[in-house]
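Worksheet for the structure shown next.
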Amino acid sequence: MSAARTLVAGVDTSTQACKVVIRDATTGELVRSGRAAHPDGTAVPPAAWEAAFTAAAEEAGGLDDVAALAVGGQQHGMVCLDADGTVVRDALLWNDVRSAGAAADLITELGGGDEAAGRQAWADAVGVVPVASFTGTKLRWLADAEPDNADRTAAVCLPHDWLTWRLSADRRLDTLATDRGDASGTAYWSARTGEYRFDLLELAMRGRRPAVPRVAGPAEQVGVLAGTGALLGPGTGDNAAAALGLAARPGDVIVSIGTSGVVSAVTTTAVADVTGTVAGFADATGNHLPLVATLNAARVLDAAATMLGVDHATLSDLALSAPSGADGLVLVPYLEGERTPNLPDATGALHGLTLRTATPAHLARAAVEGLLCGLADGIEAVVAQGVSVERVLLIGGAARSAAVQQLAPGIFGRPVLVPPPGEYVADGAARQAAWTLSGDAEPPAWDQPGLQAFEAAPATGVRERYAEVRGRTDGQ
Ligand SMILES: Nc1ncnc2c1ncn2[C@@H]1O[C@H](COP(=O)(O)OP(=O)(O)O)[C@@H](O)[C@H]1O
Ligand SMILES: O=C(CO)[C@@H](O)[C@H](O)COP(=O)(O)O
């Protein structure tokens, strides 16, 4: 009879769903998994995340035999708690743009009335320049639009911090914990210094100073799971978790096409981009994770499929049947406003419609190319920060699209490696849980999935035409 193996659980509380994986702590082998949907919308009651977690964990066969658990999650969301730990209002998610004006105000205020000086001051202070996504700008919106709720806010935390805390046996407010990866997306914690900037938190909250989670070390235990006593790892933001799940190393650029489109890279030094294009985030291992994020990614293909009345497989076939550049039809995919470039009020645009291009195939091609052109800009922005690119890894729900896989190398101008479809955020959280359990200096050396390589000739002129149309419409 073989000895029972030790299991760990990893959770991805992402924008659209909660995913739970249960893996062998030693080998990383996938043992069980589950998933449950989150509600739509950019303001969500956190209780819905807990309910989805419970359903996903149940689908994964429960957690009774799990020795450690960690949570990766959508970044930046503002979760406000009162002194009793009750949620004050629906959480505002990373893709909620109502705080765009607050972001602009915070930049100017820190610059003493000068926008350029403000950008520099924010980049120097916390490695990011405020946009609507970041938690700090949402807090300023709260202070101005809902001052009573701001007054009631005794503590503020992020989606993964909150879910970890709710799962913990000890739910006193002072046990709230986060990690470097997610703290770096608040705009009031610096990845360079490893410290909170309470002055910036107070600036955002107009003088109020709610409690914030303790920033735990990469594999530090932050509590135990209520009911079972399993160890709780610190968790992290979803992008840092994906990097951990893929065992990304310096030289790797990860392109994730989920609800958000993300280009990120593991580096050993902090990045501070005064243009705000690249956010100077931290990773989940003690390194850094410079990152470009767009608001419009997988849902661009969802929307194109809806417009054409087809499923994703047909959308992909249609896109691959059209010529490169779609005969000049360009889709600027700012369907939810946009964060990079910072155009929170933008809408999408379709340019170049003619009798020749008014076909389902051309529209499908334009949707895939528009999505990929925005990500190609992100890769260039990361490279401009001095990041060297040895491998480009493509993950996220829309990385399952054959058209995305085949067209990305031509538009990125680089070969692309695609791991098998999987839940790399949840996997990274599971790997962190195993690391917390082992207490070792390094995360466990789990086998990495095989990578499928895609190459293509450069898609001549496609990015140039996209840039021309984007510049002409600005998506407005
Ligand atoms: N084969 C496919 N082609 C294109 N898009 C897909 C495909 N499969 C899933 N998606 C899309 O991927 C998205 C979910 O991706 P995921 O990475 O899980 O997102 P998130 O982590 O933001 O919740 C959904 O919008 C879904 O429609
Ligand atoms: O805002 C960012 C990164 O800065 C997003 O990447 C969110 O973290 C949401 O991720 P997904 O749910 O799309 O994976």
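Residue numbering: from 1, along the chain as shown.
For all residues, glycine too, the Cβ spot is worked out from N, Cα and C.
Unlike curated records, TrEMBL annotations are generated automatically.
Here the structure is a predicted model, which means the values were calculated and not measured.
What TrEMBL says about this one:
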ACT_SITE  Asp238  active site, proton acceptor
BINDING   Gln75, His76  substrate binding site
DOMAIN    9-227  domain 'Carbohydrate kinase FGGY N-terminal'
DOMAIN    255-436  domain 'Carbohydrate kinase FGGY C-terminal'
SITE      Asp12  site 'Important for activity'
Recorded positions Gln75, His76, Asp238 vs Asp12 (site 'Important for activity'), shortest C-alpha separation belongs to Asp238
Across the domain 'Carbohydrate kinase FGGY C-terminal' (255-436), what is the average pLDDT of the model, as a whole number? 97
Nonlocal neighbours by CB distance (under 8 Å) for Asp238 (active site, proton acceptor), same chain, sequence gap 6 or more: Asp12, Ser14, Gly72, Gly73, Gln74, Gln75, His160, Gly258, Val425
Neighbouring CB atoms within 10 angstroms of the CB of His76 (substrate binding site), all protein chains considered, total 27
What's the number of neighbouring CB atoms sitting within 10 A of the CB on Gln75 (substrate binding site)? 30
